[in-house]
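**Q** Pasting a structure below so you can have a look.
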Amino acid sequence: MKYAGFLVSLVLTIALAIAVSRPFGAIPPLAPLLDPSHGFWQNSYSEDELAEDELELNNLNAEVRVVYDENLIPHIFADNQTDLYRAQGYITAKHRLWQMEFQTMAAAGRISEIVGPMALDLDRMTRRKGLAFGAEKGVEFIRENDPDSYQNLEAYADGVNQYIDQLSDAKLPVEYKILNYRPEHWTAFKSILLLKYMTDMLVGDRDLEYSNLRKILGDVMLDKLYPEFPTGVDPIIEAGHKWGFKPLDVTRPDSINYPDDQLVIEPLPQPEEGTGSNNWAVAGSKTKSGNPILANDPHLGLNLPSLWYSMQLTSPEHSVKGATLPGALGVISGFNENIAWGVTNATRDTRDWYKITFQDNSRKAYRYGDKWEQTSFRVEEIKVKGEELFLDTVVYTHYGPVVYDKTFKGTRQDVNFALKWNVHEGSNEQKTFLMLNTAKNHDDYNEALNNFTAPAQNFVFASKAGDIAMRIQGKFPLKWKGQGKFFMDGADPRMEWQGYIPNEQNASTLNPSRGFVSSANQHPTDSTYPYYVFDNSYEFYRNRRLNKRLSEMSEITVENMQELQFDDYYLHAAEALPIMLDLLGNEYGDDADAKKYVSLLKEWDFYADPNQKAPTVFYIWWRKTYGQIWKELSENVAPIVLPSYYQTVLFMKNEPDGAVFDLKNTAEMENAARHVKEGFKELLADMKSWEEKEGDFAWANYKKTSIQHLVPQFKAFSVENVYTGGGSGMLNATSGRHGASWRMVVDLGPEVKAFGIYPGGQSGNPGSKYYSNFINKWANGEYLNFDLRSLDQEEGVLFQTILN
Amino acid sequence: MKFILLTFLTVLLVIVFNPFVPYWVVMIGIMILSVLVGNKGAAAFFAGGIGMGLAWLGQTVYISTLSGSQLPQKMGELMGFGSDLALIAITVVLGFLLGAFSALTGSLLRKHLERKPDNIYGR
C-alpha cells in the first residue's frame, strides 16, 4: 500500500504520455504535433533560413550544384542525365514531398488509408477505372522498350527515397504531422501512375448521357440540339488545311443495335468545367523583334501546393526550364536554348463503354459474337484507416474493367459495363517529355511526340530557327462516324475499335501562312479531316477570341502576349447579352433595381475585370435563362448533358420562336423571350438576396476565386477571395476554382527570354514565406523572369547547395 | 531554492535534449531530475511543470519571432483554437502537464528510495 501514491502518479503520467501520443477522432496526436522541437512549430521556418551549403546524395557520378534564385526556383547543374534526374527527385521531394505522395495515393485509390472510410467509394471508383492497372502496364512497357527512360525513372525514385530516409521528425511536412502518417518509398511505378492520373483529370466521356439523350430525344432532335460541327467553329488546325495523306479505311456496320435502356446510373466523375487551356505561337513575321513568341497557360483546378513546380535542369548537353510536375521527370511545359513547347488538353472521346452479357452469375464468361469469352478477376485490396481491409473484385474483359456492376453504383442488378480506354495500354508519355527537354528542332519535337498516347494534347512548338507548329497528339482510335458516342453492345464484335490513327496522320500544321498557330480546347479540325473526331466538351469562346486577336495583331511584343493571356473579354456575353436585352424589351416596369441592372448591362464593355459589376448581373441572368430554356430536359432522372451555351445562343438568335423553346408539358407555347423574361425575374430575386447578404456584387467579389489546399478541410492553408478578373470561357479563364494554373511566354531570339508565373509558390510548406508568394503577382497579371541561368551567374541568388 | 533548481534544470534539459529525443524521453529525464533534486510532492509538480511549460513557451515564442511565419496562426485556425496565442497557450499547458506529472512521479519515487534505510531500523 505504501507504494500507492507513487504507482498512482506513475500510472497517471504514463496514461497522460500515451493519451497525447494518440489521435482522438479527427484530432491528431497532440504531443508530437505541439512539441516545439519536432511538431508543427518546426515547419515555421522558410527555406532560406534552413539553407544548407552541402547535402548528402549517394550514387552520383559527380557533384551536382543547385542554385536557388530569389523565388526559390532551383537550377540544377549536373554532369550527366542520371545525376540530373536523381537530383531532380531529391530536390522536388525536399520541397514538395507530401503533395507528390498524396497525389499518387489518390491516383492509386489509397486515400482511405489516410482519411478512413469516407474515401472508400472514391478509391473504389479510381481502382475500378483501372488507373493502377494502366500504370502497371506502362511500367512494364517502359522497362521492355526503353531501358534509358527506365533507368532515369529509377534514379529519380532513388533521389526521392534518399531524401525520405534523411528526413527528421522536425522536417516532416506538416500535413503528415496533422494527418498522422509517414511517407513511404517512391518508385518508378508512382511516377507513371501520376501521369495516368493526369489522364484521368483531363479525359472524360459522355457516353452515358448521350445514350440517354438518344433515347429521350431521338436521333433527329439530338443532332439539332447537339450538332457535331456547329456553325462558326474555328478549329485548331487552320480551316482549309490540306491533309497530305491517304486515310485508312473505317467500315461502318450496316446495322447497329445500341443497348436500348434508359440508364439511371451514376456517371463517372468528369473533368470539371473550366478545365482547359490556351497555347499559341506567333511567327517572327508578326512580332516586333522578328523572333517567334510562344505562350501557354494550362487551366486546371487551383490548388495549394500548386500542381506545378518550377525548375531549371542543366546537363552538358542541354538546359531546360519551365514547369515540372512533382513526381514526373523533366519539364512538362517549358523551353530550352533552342525550342519552346506548351500543352493544352486535346479533348476527344477516347473512352468507350461496352455492355457486357455474362453467361451466369459467376461472371467467368461473357458473350462475344457466338462464343463465350473468359473473364479475369482482379482483387483490389483497399486499406481503410481504422477499419478492416476492404476487398473489391473487379471483372476484366478484353475491352477493359467492368466498372459498373451489381456491387458498384448499378441500381439495376443486370447492369454491367466495361470500359475501354487507351490508358490501359502500355505507353511511354514520360519519354515524350524527356525528349522535348533536349529537343533542338522541329524534327526532334515530332520524334518526341510519337511516344505520346494519353491524355491527348495539343502540343504547340516554336524554335529559334523560326519554326512554329501545332500537333494534336494522342493515340486516337479509328472510329466510324458516331462510334463510341453512345454505349455499345460488347457482345457484338463489329463494335470494336478498328485500330488507331497513325501518328503521322494526326492533325498537325507547320508554319501556316496566317503567321500563328493556336489551340484552346476547341474542335481539332474542320469537317474535311478524314477521321471521326467527336467530343462533347469542345470549347467555343476562348479560341475565337484568341484567333481574332492574333489575326489582328502585328508588331507583337512579349508584353502583348502577356496581356492576351490576361485578357478578360467575355465573348459569350458579347454575343448573348444584346440578344437577351432585345428579347427582354421594356417589360420590367418601373422597378428601380431592374432599371439599375439593365443600365449597368447596357453600358458594359464586355470585359470581366475584377471591379466590374455588369459581369455578375449577366452571369446570373444567363444561368437563370439557360435553366429556364432547358428545364424539361434537365428534369430527367437519367443523367444527361445540356446543349452548349454556344448552341443555345445560336437558337436564341436564329429561331427565337422555334419549337426548341417550347416546354411540352405546359399548355402555352413558350419562346426565347419568355425564358429571358423568366430568367430576369429570377435574377432580380437573386440579386436582391445577394445585395442584402454580401453588399458589393463586383465580379471578383461574386466569383470568389479561391486556391484550395489539396485537403479541402485545411481551410487555413488555402488562399480565398483572390482579387482577379476573368472567368470560364475567357482567355483569362480564372473562375471560382479553376484558372490559369501556369502562365508562360517565351521569346525565341538569339538569347531566349522567358517569363512565367503560377498561383502558388515554390514551397509546399504552408509555414514558409514561399508557399503562396506568387499569388498576388499572378492575380495582377504580372510575371517572374524565367531566363535560363548559367552556373557562374551571381545576381539574384538566394542560396546554393552542393549535392554529393 | 530546490524549487528554483528543479525548474531551472528542467528548462535546461528540455532546451538541450528535446531537439534530439521525443517528448516521452524528456519526461523520463525530468522524472530522474526530480529524483535527484528531491523536492516534495506539490513543489516537484509545479517546478517540473513550470520548467517544461516555460521551456516550451520560450521555444514557441523564439520560433515564431525568428521565422515571422503565419503557420502558428494558420494552425490555430485549423485546429479550431482560433489564434496563434491560443495555440501557444495550449502548447504551454501541455508542456506543463507533461513536466509536472513526470516530476511528481520522480518525487514520489524518491520518497520510497529514501525510506529503505528507515525500514532497516524498523521504525
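Each residue, glycine too, has its Cβ placed from N, Cα and C.
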**Q** To which of the residue ranges A:43-70, A:547-574, A:687-714 does TrEMBL assign the term coiled coil?
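**A** The range carrying the coiled coil annotation in TrEMBL is A:43-70.
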**Q** For the C-alpha pair, I'd like the distance in angstrom between A:Asp349 (Ca(2+) binding site) and A:Ser277 (active site, nucleophile), rounded off.
**A** 18
**Q** Relative to the Cβ of A:Asp352 (Ca(2+) binding site), which residues of the same chain, six or more apart in sequence, are found under 8 Å away?
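**A** Same-chain residues close to A:Asp352 (Ca(2+) binding site) (Cβ under 8 Å, separated by 6 or more) are A:Asp205, A:Asp207, A:Leu419, A:Lys420, A:Trp421, A:Pro477, A:Gln483, A:Gly484, A:Met488, A:Trp497.
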**Q** Hey, which bits of the same chain come close to the coiled coil (A:43-70), Cβ under 8 Å, at least six residues off its ends?
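**A** For the coiled coil (A:43-70), the nonlocal Cβ contacts are 76-80, 82-84, 86-87, 90-91, 95, 155, 158-159, 162, 166, 173-174, 177, 763, 765-770, 789, 791, 793, 796-804.
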**Q** Neighbour count, 10 Å Cβ-Cβ cut-off, for A:Glu209 (Ca(2+) binding site): what number do you get?
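**A** 19, counting other Cβ atoms within 10 Å of A:Glu209 (Ca(2+) binding site).
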**Q** With an 8 Å cut-off on Cβ distance to the A:Glu209, A:Asp349, A:Asp352 Cβ center, who else from the chain surrounds the Ca(2+) site?
**A** A:Asp205, A:Arg206, A:Asp207, A:Leu208, A:Tyr210, A:Arg351, A:Trp353, A:Gly484, A:Lys485, A:Phe486, A:Asn536
**Q** Would you mind ranking the recorded positions A:Ser277, A:Asp349 by how many other Cβ atoms sit within 10 Å of each Cβ and giving me the lowest?
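**A** Selected from the recorded positions A:Ser277, A:Asp349 on minimum Cβ neighbours within 10 Å: A:Asp349.
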